[in-house]
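*Asks:* Got a structure here, written out as structure tokens. Questions coming.
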Amino acid sequence: MQRSIAMTAKRFLHRNLLENGKPRTASSPSFSHCSSCRCWVRASSSVSGGDLRERLSKTRLRDIKLNDAIDLFSDMVKSRPFPSIVDFNRLLSAIVKLKKYDVVISLGKKMEVLGIRNDLYTFNIVINCFCCCFQVSLALSILGKMLKLGYEPDRVTIGSLVNGFCRRNRVSDAVSLVDKMVEIGYKPDIVAYNAIIDSLCKTRRVNDAFDFFKEIERKGIRPNVVTYTALVNGLCNSSRWSDAARLLSDMIKRKITPNVITYSALLDAFVKNGKVLEAKELFEEMVRMSIDPDIVTYSSLINGLCLHDRIDEANQMFDLMVSKGCLADVVSYNTLINGFCKAKRVEDGMKLFREMSQRGLVSNTVTYNTLIQGFFQAGDVDKAQEFFSQMDFFGISPDIWTYNILLGGLCDNGELEKALVIFEDMQKREMDLDIVTYTTVIRGMCKTGKVEEAWSLFCNLSLKGLKPDIVTYTTMMSGLCTKGLQHEVEALYTKMKQEGLMKNDCTLSDGDITLSAELIKKMLSCGYAPSLLKDIKSGVCKKALSLL
């Protein structure tokens, strides 16, 4: 059996070398490059066994810092005789929890140089670390070394390698490895199979995931809550909400109790599909089953209620969350603040903003972006600008979305000149401007009659390495209409079709119907009845006419 496993590992390693080239030596990442590894230059000193045992206790290792861990390792390798391999494994595991996989690999190499003999647990730690560093080839080379020393892989070994392949989106290799293990009499556990199912779902191969699910059931392997949760997530992400709900029912019938992650995934999917009522019913079902909703569950439901203008219900849900001892985080606060701002209740949003500060939560760029936009929508330009200025004072860096909100807010409130000053400053600072930035300025120019300047900016987009999108075209066409430039409008319309931006001969999709209506209205008001207007009225944009 061991020889068969060795052959399997060898074949996998050989194929990896062919695909990826010669791997770096197992010593990489280089230990000498670890900033915290100053400990090797210290002179040898005697360390008492009692001191080491105390420092290696579970209590001390639980909250150990990286520098302290490396210092401890240094003292361990100076001790004579060496501490047991169990002690080394305990320390390496603590560093793994810090996600410092490269450090673990370096320390493992140092142990090898010093002649400290690894056991299966050590090999598993190192294999897992290589996999976490996306170095599956090196993980397989460790497997080969381990087999030569007479160790057989266990479920942890195979699980780590399967995870490693899945992390690289090499699911077929993961499946092949598992199949080979089964062929030679080894039985991987459900953890390895779950990793494959989860990877298939995350890469939108849900049907393949279900086929694999049925296959493992035929083999007599019982799925668990993690298996079902991965499938529910996959179905939800593929907009197959009914299938996800049926799977949840099947899960309960089979007496596999869904956990908070399962419910949260389905609830979030319902919310994103506009099924807020179903989401609330699912939430109530969770409570009936004594499954405590977590911050993710509450945030999804609060977001759904806000998206559907049910802000008071969202606020009640927020209060319920806090009353149940589930502390709100920055994301949940931002979600509710956004809901209040969209409902033009920016002062209520500000109350939450102040509450965040009182609770010691630090507002982020999203918080400020939301409130700046809220003040602009409420027509309070001064407050919006004041809030923007506060960002620098509090050390919060504006992103491109912040500037786009600022430009749009100024343009919409008749402050084009101020917007242009900021726009020019952004260009001088060589900021990475996107198509939204330019579209916003073009819209502001067109709105104030500066159509020629807008047209010049539009024509120079390609020089900036940017491609106009459907909103940019529609904005520019609307501006050209006001100047009676029918030829240019029709030329833009033709170009838009050639670029493949039209959907069913319609200017905009459902999400942009308002803009479509504005364009049609503008063309009609300018006395146009060109052939393209018939096209614009067709398809989805018939809905836009109802807004006229």
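Glycine too: its Cβ is placed from the backbone N, Cα and C atoms.
Remember, TrEMBL labels are computer predictions, not curated facts.
As listed in TrEMBL for this protein:
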REPEAT    119-153  repeat 'PPR'
REPEAT    154-188  repeat 'PPR'
REPEAT    189-223  repeat 'PPR'
REPEAT    224-258  repeat 'PPR'
REPEAT    259-293  repeat 'PPR'
REPEAT    294-328  repeat 'PPR'
REPEAT    329-363  repeat 'PPR'
REPEAT    364-398  repeat 'PPR'
REPEAT    399-433  repeat 'PPR'
REPEAT    434-468  repeat 'PPR'
REPEAT    469-503  repeat 'PPR'
TRANSMEM  120-143  transmembrane segment
*Asks:* From the DSSP assignment alone, can you count helix, strand and coil residues within the repeat 'PPR' (224-258)?
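*Replies:* Split into helix, strand and coil, the repeat 'PPR' (224-258) gives 26 helix, 0 strand, 9 coil.
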*Asks:* Go ahead and report the DSSP secondary structure tallies for the repeat 'PPR' (329-363): helix first, then strand, then coil.
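*Replies:* Summed by class, the stretch gives 26 helix, 0 strand, 9 coil.
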*Asks:* Restricting to the repeat 'PPR' (399-433), report the mean pLDDT as a whole number.
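*Replies:* Mean model confidence (pLDDT) across the repeat 'PPR' (399-433) is 94.
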*Asks:* Six or more residues beyond either end and a Cβ under 8 Å away: which residues meet both conditions relative to the repeat 'PPR' (154-188)?
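*Replies:* For the repeat 'PPR' (154-188), the sequence-distant neighbours (Cβ-Cβ under 8 Å, at least 6 residues beyond its ends) are 1, 4-5, 8, 12, 120, 123-124, 127-128, 130-132, 134, 136, 139-140, 143, 146, 195-196, 198-200, 203, 205, 212, 219.
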*Asks:* Please work out the helix, strand and coil residue numbers for the repeat 'PPR' (189-223) from the DSSP assignment.
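*Replies:* Grouping H, G, I as helix and E, B as strand yields 26 helix, 0 strand, 9 coil.
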*Asks:* Report the DSSP secondary-structure composition of the repeat 'PPR' (469-503) as helix, strand and coil residue counts.
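*Replies:* Split by secondary structure, the repeat 'PPR' (469-503) comes out as 26 helix, 1 strand, 8 coil.
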